[in-house]
Each structure stands twice: as structure tokens, then as C-alpha cells.
Amino acid sequence: MTKTLTNKLAKKDHAAVVTYIMGGDGGLDNLEEQLLFLEKSGVSAIEIGIPFSDPVADGPIIQLAGLRALKEQVSLEAILNKLARSKVQIPLIIMSYINPIFHLGIPKFVELVQKTPVKGLIIPDLPYEHQTLITPELQGTDIALIPLVSLTSPKERLEEIAKQAEGFIYAVTVNGTTGVRSEFDAHIDNHLAYLKSISPVPVLAGFGVSSIEHVEKFAHVCDGVIIGSKVVQMLHEEKTAELGAFLQKAAEVRIEN
């Protein structure tokens, strides 16, 4: 069964733009408003981060957003209960470290997710070899477990991951944490082009994407981008008009590969 998320992000004329927000940053009452705003801005899907006290993959902007959410007593269960009432039409993606999911209980987590518009799941600290901790519970659902692949992964590993990939492949474009960057590794284009050539699902570039130039660069070699730290920071600074204009422009970038 092809997942809803794959169909939504599959190659079209324009780059797929997925945005990241921290669930509960600014309070849970703002979550639906943020989601509807991003949907109206033309993004393809929205990633919702779950606040966690030890966020190993997050850069400083997202770490601060997580701390703000934790101060509001935001939890994974509270976010999912809020999302169950969401009117958003585009797919949502939960990005959570494994601990909050274990704490809630995997069966209960999957049960709650299925009552929401969430169609994808990213667990950055769950190694590919340990995915069977959660994949049995996802069998027969429309929830894709999205793999992250790094710049340093050998070709054999990339091929193994691509063969099993659902939703899309999250291609990490830097070695390190998330955050706004001005430049990328010189080998990134070849890495993404190779991934694209072997992947049965869309390939999206993430970590450090923060400008229209970045979106245009990656539109030459993959299917789209994930924009995180820039979105989190601009929402926090209440620069919604500027952010909306940026995202609309990003969503108009044409795929050139």
C-alpha cells in the first residue's frame, strides 16, 4: 500500500516543502493556528516536534523551542489529543525521540496517532536496525516510518534503507545538528542524486535549509526540502507575514532533476 505521505510528496513540477514546528512552543492553544497558517502558505506537509529534555539532533533554535514547550508542560499525549481535533488537510508528521513514545506506550501511541491527520513518523534516535521496536504496530496503518540517512552512510546501507523506505527519505545534509547554515558539503549533490536514483519514495533534504537559494539548489537533485530552524525562529518572533511570503516562494521553486 502506497502511503498518503508518499503520494503527497511524489515528484511534481514544484519542490515539496515540508516545514518543522515545535509542538507547544508558545502554548498548545497556538498549535492549530500555526498549522492552518503553514497550510495556507502552500507547504506540502508539516513536521511537529515533540519536546524532549535531551534532544541530541536539535540545534540551538529548536532546543530553545523545546525548552519553551516543556515549560508549558506540553507532552506527546497532549499534542496528539490536540491534533485529533485539527482541521488541517495536508499530512502531518510527528518527529519524536523514542523516550516519549516508550513512556506513552507504543500501542497507545499508534492508536492515538491514527485519530489525527498524522501520516508520518520520524524517530531520530531509533537506529534502522531497531525499527522493529515499532514497525509491527504500524503494519496495516497509513503511518510511514521515515528513515533519516546521513552524508557518511556507505552505499550498501543507503541501498538497504531505500529498499524498505516509506513516506520519504529524509536526507540529512550536514554532519551535526539542525540549524540555519550558509553552505553545505561539496559532495552533497552527488549524495542526493545517488539517493534519488535508488529510492522508490521521494527524497527530501533537511538540516540547515534556510533560503530560497537552498531550495533551488536542492530542487536540482531531489524532490524537495525540510525547513525547520528558520520556521521555528520566525514563528517565535511573530514574523508571520514574512514567513508566509518566504514559504509561498519556496513552494513555487521548480524541480529541475
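Placement of Cβ uses the backbone N, Cα and C atoms for every residue, glycine included.
Per Swiss-Prot, active site, proton acceptor is recorded for E47 (among others), and the stated evidence type is sequence analysis. The Cβ of E47 (active site, proton acceptor) lies under 8 Å from the Cβ of V18, T19, Y20, I21, L92, I93, I94, M95, G120, I122, I226, G228, each on the same chain and at least six residues away in sequence.
Residues annotated as active site, proton acceptor in Swiss-Prot: D58 (among others). DSSP gives D58 (active site, proton acceptor) a coil state; it is part of no helix or strand.
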